Amino acid sequence: MQFTDTIYALSSGSPPAGVALIRVSGPATADALARLCGPLPPARVATLRTIRTRNSDILDSGLVLYFPGPASFTGEDCCELQVHGGRAVVSAILDELAAMDGLRHAEAGEFARRAFQNGKLDLVEVEGLADLIAAETEMQRRLAVEQSGGGQSALYAGWARRLTHARAMIEAELDFADEDDIPGSVSAAIWTDIGRLREEIDEHIARAGVAEIIRDGLKIVIAGEPNAGKSSLLNALAQRDIAIVTEIAGTTRDVLSVDLSLAGFSVKLFDTAGLRETDEVVEREGIRRARQVIADADLVLLLSEKPSDFRLDEWQPGKSVPVIRVATKVDRPMPRWKTSEADVFLSTRTGEGMDKLLAMLQAHLPDLAGNTALSMPSRRRHVDCLRQAGAALVRSMEARELELQAEQLRQAGDALGRITGRVDVEKLLDVIFSEFCIGK
């Protein structure tokens, strides 16, 4: 796709900084670069140049790279200016670009959008790039690299090729059934592979829960009766003061949360109001919110300072959530606990039991040991399209007429195509590219 306008933006972080990167892309890139720096540098070679205004006043000096299209990030002529990252320097260069005819400031995600529309990236790679920029943990980085690097897209493309081959065999039987060189009932040979493909898609969908934990974090809720040590545990796990800790029961009235990194995974830790019956309006609202986050939890740490206080069933009706029973304040002489009465015996004051608790938390994280690639659907729209593809494959295997079989295989292929953006995704584009910052 050819664009008539040329866009520019600061692609690095906000100044001041040691270095700032300004990106330009579009048909007027070469002219804009020549007006700033003189003769064009060799393609894809970092060259030190003096950057000047239209009146030849010096703005700065820095490295300049020129990428003639289509061998560039966006697929069109593109350049990057690596200059000093002071506010005045960056502002002056952007003002100089703004004064040039045919140039305008880029919108959020517009460089990536041009890369997509010029066939340099597909939608899965674009989403992976957005996730890579936002990644805060090692597992988020690994998942994003798998997608932005094309590994996930290659999997879907392979499935699409198998569907295309199956359709070709069926349609060959439809169109050339009377020809001697077309074997009879050739379509029967492809159904074993179609069944295997459906199983592969189902297995892939089953891993979506792992991807959700990687992207959004494992939700761990600290629950228990008032004054059981919930806020102290939150502070100990966060290694800083998040919650107010007092000996007064009912100090925590609202749900507090903190994001942690545990064994490379993102963990969202919630501290909740003490669970008890009360007539106090504010505390009752806090308990209602506590029940709500317990219902959404992946794991509950149920705390008690007395063996008789481990009661969660009455606070989470209708849902079973994994629970770790944590005996707290065990540095005190009373009460005496039996080893069977709790899973972890903990004192946030002395640190006793913290290592065991952390080990138990890690045991609830997905086991990805030995997996160098993380091939799994990371977004709800991926899962929806995969389910549509799987359902179409089931219908194709149940159909008796060749025309219906071929049509269902076409629908399955279209569903896979919507994941990568090759089919009917125009309405999605604004949402996806809005996740990017300006300059990417």
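Backbone N, Cα and C atoms are what each Cβ position is placed from, and that goes for glycine too.
The (6S)-5-formyl-5,6,7,8-tetrahydrofolate binding site annotation in Swiss-Prot covers R23, E80, K120, K440. Swiss-Prot lists 227-232, 246-252, 271-274 with the feature GTP binding site. For N227, T246, I248, T251, the entry in Swiss-Prot reads K(+) binding site, with the evidence type sequence analysis. Per Swiss-Prot, the feature Mg(2+) binding site maps to S231, T252; the stated evidence is sequence analysis. Annotation comment: Swiss-Prot describes 217-366 as domain 'TrmE-type G'.
Here the candidates are the binding-site residues N227, K230, S231, A273, and by Cα distance the one nearest R23 ((6S)-5-formyl-5,6,7,8-tetrahydrofolate binding site) turns out to be S231. Model confidence over the domain 'TrmE-type G' (217-366) is summarised by a mean pLDDT of 80. Least packed by the Cβ count within 10 Å, out of the binding-site residues R23, K120, K230, is K120. For S231 (Mg(2+) binding site), the Cβ neighbour count at a 10 Å cut-off comes to 23, with all displayed protein chains included.
It is 49 Å from the Cα atom of K120 ((6S)-5-formyl-5,6,7,8-tetrahydrofolate binding site) to that of S231 (Mg(2+) binding site).
Here the CA atom of S231 (Mg(2+) binding site) lies 9 Å from the CA atom of A273 (GTP binding site). DSSP classifies S231 (Mg(2+) binding site) as helix under the three-state reduction.
Under the three-state DSSP scheme, K120 ((6S)-5-formyl-5,6,7,8-tetrahydrofolate binding site) falls in the coil class.
E80 ((6S)-5-formyl-5,6,7,8-tetrahydrofolate binding site) is 58 Å away from N227 (GTP binding site) when you measure Cα to Cα. Summarising the environment of E80 ((6S)-5-formyl-5,6,7,8-tetrahydrofolate binding site), the number of other Cβ atoms within 10 Å of its Cβ, over all protein chains shown, is 22. Neighbours of N227 (GTP binding site), defined as other CB atoms within 10 A of its CB across all chains, total 21.
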